[in-house]
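Below you'll find the structure, written out as structure tokens, and then a few comments.
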Amino acid sequence: MAGFDTLHRRGLMFVLSSPSGAGKTTIARKLLGADNQIAMSVSVTTRPMRPGEVDGKDYHFTDRETFQRMVDNDEFLEWAIVFDHFYGTPRAQIKAGLKDGQDFLFDIDWQGTQQLHQRMETDVVRVFLLPPSIEELERRLAGRGTDTPEVVADRMNRARSEISHWDGYDYVTVNDDVESCFERVHGILKSERKRRARQTGLVDFVRDLMR
Ligand SMILES: Nc1nc2c(ncn2[C@@H]2O[C@H](COP(=O)(O)OP(=O)(O)O)[C@@H](O)[C@H]2O)c(=O)[nH]1
Ligand SMILES: Nc1ncnc2c1ncn2[C@@H]1O[C@H](COP(=O)(O)OP(=O)(O)O)[C@@H](O)[C@H]1O
């Protein structure tokens with residue numbers, strides 16, 4: 001007999017993407033701080049570590065040879081080359097976590113999002129943030145104060161090409177005001193958790209109810 005206490009939820013893969021500067025990091029931090037069922041998926045990368053970054057927390061930093069070996073051994077759920085560097089999502093931690101009901105937040109580009117969706121379709125929820133206007137995007141990039149005007153100009157060009165992938169996402173929302181955007185994104189996460197496909201044990205439970 002399958003009682004309702006045997007029902008439990010499979011974790012989901014929550015992809016949050018945006019053109020650089022639209023507020024993905026801001027919303028992701030709030031989500032991780034407010035919700036204890038979701039953890040960041042830490043990617044492997046060949047890009048050099050930046051000041052202030054922590055190996056194992058921001059990324060697992062590695063060299064090209066090790067990365068290639070991991071590709072050959074099929075250790076990535078997805079991987080991509082972004083601006084000359086390699087980035088990939090290690091498979092092991094995610095697979096085990098999902099089974100235990102752990103949700104993961106992904107900061108990956110559109111290529112990775114596509115691959116992830118092809119491989120893990122029902123586990124993946126794709127959310128894309130847009131800036132309220134192109135002028136506001138530029139203000140935010142400049143206001144962050146981390147980049148030179150040349151880098152800001154380059155990021156603006158990249159932003160236009162990133163925005164062109166908006167239709168590869170399940171949800172698209174504008175980051176106008178941080179609080180209301182966060183509430184909308186958190187609302188999506190909370191609703192998505194309730195999907196029938198994530199409730200393991202439901203088939204047996206319902207079958208017993210109908211006996
Ligand atoms: N496909 C894929 N993209 C990733 C992964 N990790 C990071 N990225 C993307 O790589 C791009 C560059 O990231 P990063 O080097 O941190 O630089 P920044 O986001 O431009 O400051 C961003 O668009 C990330 O979303 C990954 O594991 N897979
Ligand atoms: N809704 C918002 N309104 C005003 N400023 C914002 C908003 N969301 C983010 N910002 C600011 O815009 C800048 C870029 O945000 P960030 O989260 O770093 O973007 P991304 O991770 O997408 O590159 C930061 O200075 C951040 O504080």
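Including glycine, each Cβ sits where the backbone N, Cα and C put it.
Lys24 (ATP binding site) carries a helical DSSP state (H, G or I). On its own chain, Lys24 (ATP binding site) has Leu16, Ser17, Ser18, Asp107, Leu129 as residues at least 6 apart in sequence with a Cβ closer than 8 Å to its own Cβ. Annotation comment: TrEMBL describes Ser18, Pro19, Ser20, Gly21, Ala22, Gly23, Lys24, Thr25 as ATP binding site.
If you look up TrEMBL, you'll see 11-190 marked as domain 'Guanylate kinase-like'.
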Neighbour count first, Cβ atoms within 10 Å, every protein chain included; then name which of Ser18, Thr25 tops the list of binding-site residues.
Ser18
If the criterion is a C-beta within less than 6 angstroms of any ligand 2 atom, which of the binding-site residues Ser18, Pro19, Gly21, Gly23 pass it? List them in sequence order.
Ser18, Gly21, Gly23
